[in-house]
Structure formats: structure tokens, C-alpha cells
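The feature domain 'Yip1' is assigned by TrEMBL to 101-236. What TrEMBL records for 44-68 is region 'Disordered'. According to TrEMBL, the feature transmembrane segment maps to 109-126, 132-149, 161-182, 188-209, 221-238.
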Amino acid sequence: MGDFETFEQDFYQSGYYIDGSQQENVYGDDPAYVQYPDVDEYPPAEPYTGQVYQPTAPPDETGYTDSYEEEPPLLEELGINFDHIYQKTLTVLNPLKPADGSIMNETDLTGPFLFCVALGATLLMAGKAHFGYVYGISALGCVGMYLLLNLMSSFRVSCGCVASVLGYCLLPMVVLSSFAVVYSLQGLLGTLLALLVIGWCSLSASKIFSSTLGMSGQQLLVGYPCALLYGVFALLTVF
């Protein structure tokens, strides 16, 4: 009987007596029997100081902002710079002015597109619906000049830069087409004006190409194919 009582006490051994008094911890530092602190020992939670319907946004560590005031302008995202368009237009209108290679070496197609549309619109006002001819001749001329300049120059030029220069130099042809709306160019005066405009466009384009690509001694060679291209536009304008 004494052995059974001894076994019963060893089997039901715990840290507490039946009356609730704490007994000595017999398990030592065993991690399976860690004594956790009471709930009352934790510090109380801080109360919410923000507004219920306007929660405070967490800080953004990436630096991204949703403010519309700090976003770049739409024209800058589209690559449209009116200052560069103005500078290129002045360079074309003044053939004797030295061309700035840093400005003309950009693939800006906003001005050329507007000048092509203006040329087609003025031809339409004169009774000539030649939008397809204008775009087709422009595309073929850009490809031809792109191949020719890459063969002649030691620097490589992009097709967009060639299209930009040829398109901006089309501005005097737009002026000639606007003059053809109110006056017929099928005569001596019209022929002289057409030749003057062809020389104007060719001189501007060859000047820009030679200064941008370092072809100072080859301006006449570059101006000849440019004159052929703008001569086709002059034929559309006069006839």
C-alpha cells in the first residue's frame, strides 16, 4: 500500500497543490515548460488619435507621390518642346544663319507633321487633294536621304533626324502653296517663285545636314538631292 501511494505521488507531480498554493518548479530550465507572464504585465495599447473617416496614410519610402502638382507637364511627357520648334523654324527661315547641331540633331516630328498637314491643307484650298502624294513623297524622300547621308558621312544619322530636318525645311513650300491659293503660279512669276523656294528649302536642309554631320565641304552634294525632292513638291504646288 505504501508503494502505491508513492507511485501515485510521482505520477501526478505538478507545480501546484490541490489547494492552489504554488509548488517548486521541478522541471528546471526545460523550454517545453516555460512559464509565461500574466496578461496584466503587458503595457496597455495606445489609443487611436486619428480620425475615423480620414485615416492617416502610411509613409511612402519609395518617394512616389500622387500629387498632380508634382507631375511633369503633358507636353514634356509627349516629347513636344515649343522652344525647340521655334528655334528650328527660325533656322529654316534664315538660310544664312548658322545651324545649331545640338538642336537639329533631335528626332522631333511635331513640326514636320504640322507642316505636312499645312501643305496638304493649302493644296486642298487651291482645289488639289494631294494628301497622299505629300505623305508618300515625304516618306520616300526621307528613306532616300537617310541612305545617302549614311553613305556620304562618317557619322551615323537616324531616320528620324533626317525626317525632322526635311520636314522643317518644308516650311517655305507651305508659304508658296498658300500664295497659290490666291494667285495662279502657272506663268513666269510662278516659275520664278517656285525656283526661289526650291533653292531656299535645299539651302536650309543642306546647311543643317552639313553642320550636324560635319560635312562642310559637301554641302553642294547634299543640296542636289534635296533640290530634287523639293522640286517634286513644287510641281505639286504649281500644277
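Cβ atoms are placed via backbone N, Cα and C, with glycine included.
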Highest-contact recorded stretch vs the transmembrane segment (161-182), from 109-126, 132-149, 188-209, CB pairs under 8 Å: 109-126
Chain residues outside the transmembrane segment (188-209) and at least six past its termini with a C-beta under 8 angstroms from it: 91-92, 95, 99, 104, 149, 165-166, 168-170, 172-173, 175-176, 179-180, 215, 219-220, 222-224, 226-227, 230-231, 234, 237-238
